Structure formats: structure tokens, C-alpha cells
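Data block below; observations after.
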Amino acid sequence: MFHVLLIHFIITSAFVNDAQVCSEKSTECMKSESEESRACPRIINREGWEARRALSSTLMPERPVRYVVVHHGGVPRYCYNRSSCSAILRSYQDHHLDNNHWSDIGYQFVIGEDGNVYQGRGWDKVGAHAPGYNSQSIGICVIGDFTERLPNALALTALHKLIECGIEMKKLRTDYRVIGHRQARNTQCPGNAFYQYVRKMPNWMNSPDLLLSS
Ligand SMILES: *[C@@H]1O[C@H](CO)[C@@H](O)[C@H](O)[C@H]1NC(C)=O
């Protein structure tokens, strides 16, 4: 009898754990791309922010990738915890799928001021965020509007760590280049305050030297 109860308890606990896989405090949804390297920040996978499925995807034609393009969300909605960042992220994805008719959220990664990195298309898929650069860049967006102020220290640290992580995982070239979105097209993105910061990042490039493709 005791054995039966014990087994029942074990099975029940296993189920409960399963159901909690993506709760706020769980680490289960943070393993996608971060496990492979110590340089990597915590990366919340798509399940962790309840992403919709991508309609299609294309692999990067060449890896490691040459460019990082830095974006801001451009909407003055900010977030400081995983549930509210996930909600904003879903609104970005809805906009990209339903209004822009793209196949998925445009960015490879999105960073919140909660310090988390959220996986968009991920390292290996072509994004939709900077015409001319999409097939040779990783688009990283920080949630919020950074015209007047910088993203907080948690978000900036996550940005630097994500780039280091990309190099270590051989997703980014060691001689990678960083640009702000406004260098690729006529836009205010990533916001005046943030752009001044981007210009001082290591490997920032003044005049992009890419061969224009898609
Ligand atoms: C997350 O942040 C939102 C908005 O600031 C707040 O309303 C909510 O209570 C927070 N949730 C948790 C789990 O801390």
C-alpha cells in the first residue's frame, strides 16, 4: 500500500512539474540557445514567451554572420519582468505577422529591461528588420522607445553578452560589425539616446561596407 502511494506521488509530481514548465520562475524555458556557452546570457525560448508559430523561415546563407543591427521597439511601452516583457513581445509579433504580413517576428532576438534575452527567429534564420542587411545580420531589438533615455544597465549588459555569446558559438564573425538601424534606412530607430550609445560600442561601423543583397 505504501508503495502504491509512493508511486502515485511520484507520478503526480512529474505531472505537476510538466505543467509548470513555463511559469514565471521556472528555468525550463530558458535553455534554448544559452546552454551551449558560458558567454551567453539567459535566453528565453519561444515557448517561454508564448510565441506564435513562424509561417516559414529561411536559413542564413552564410554563417558566421557579419553584422549586428541594433533596434528599439519604437513604442513607449517598457517592461521589467518576464510576464510583461513577454506580453509586449507578443504584440510585436502580432504586428509583424498581421499588419506587416511577415512570416514571423522580424528580429532574431529581443531584449527586455528585465535583463532577459528573448529568442525571436534565433541565430540561424534570416530576419525581417533591416532591408539590405537581412540575410547577413542579426537584428537585436530592445523593448521600448529610446529617443530620450538609454535602456537600463540590465538590458545593455544582456546586449553585450548576447554578442559575445554569438561569437563564442560561431554564429557571429569575430570581425563582426555593429550598426544602428538608422544607418540602414531612413528611420529614427534605435532612438537618439540609444544611437549615441551604439556609436560607442566595440566594432561599431560608421559607413557600412556590405554588398547589398536582400
Ligand atoms: C510585472 O510588471 C507588471 C507591469 O509593471 C506588473 O503589473 C506585474 O504585477 C508584474 N508581474 C510580476 C509577476 O511581478
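Quick reminder: no glycine exception, Cβ is built from N, Cα and C everywhere.
TrEMBL entries are annotated by machine, without manual review.
TrEMBL lists 1-18 with the feature signal peptide. Per TrEMBL, the feature disulfide bond maps to C40-C165, C79-C85. The feature domain 'Peptidoglycan recognition protein family' is assigned by TrEMBL to 41-185. The domain 'N-acetylmuramoyl-L-alanine amidase' annotation in TrEMBL covers 55-191.
Recorded features from TrEMBL, shown on the structure.
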residue	record	DSSP class
C40	disulfide bond	coil
C79	disulfide bond	coil
C85	disulfide bond	helix
C165	disulfide bond	helix
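Of all the disulfide-bonded residues listed here (C40, C85), it is C40 whose C-beta has the fewest other C-beta atoms within 10 angstroms. A 10 Å cutoff on Cβ-Cβ distances gives C79 (disulfide bond) a total of 19 other Cβ atoms nearby, all chains included. For the pair C40 (disulfide bond) and C85 (disulfide bond), the C-alpha distance works out to 19 angstrom. Within 10 Å of the C-beta of C165 (disulfide bond) there are 24 other C-beta atoms, taking all protein chains into account. Calculated from their C-alpha atoms, the gap between C165 (disulfide bond) and C85 (disulfide bond) amounts to 22 Å. Along the domain 'N-acetylmuramoyl-L-alanine amidase' (55-191), the predicted structure has mean pLDDT 96. Applying DSSP to the domain 'N-acetylmuramoyl-L-alanine amidase' (55-191) sorts its residues as follows: 40 helix, 31 strand, 66 coil.
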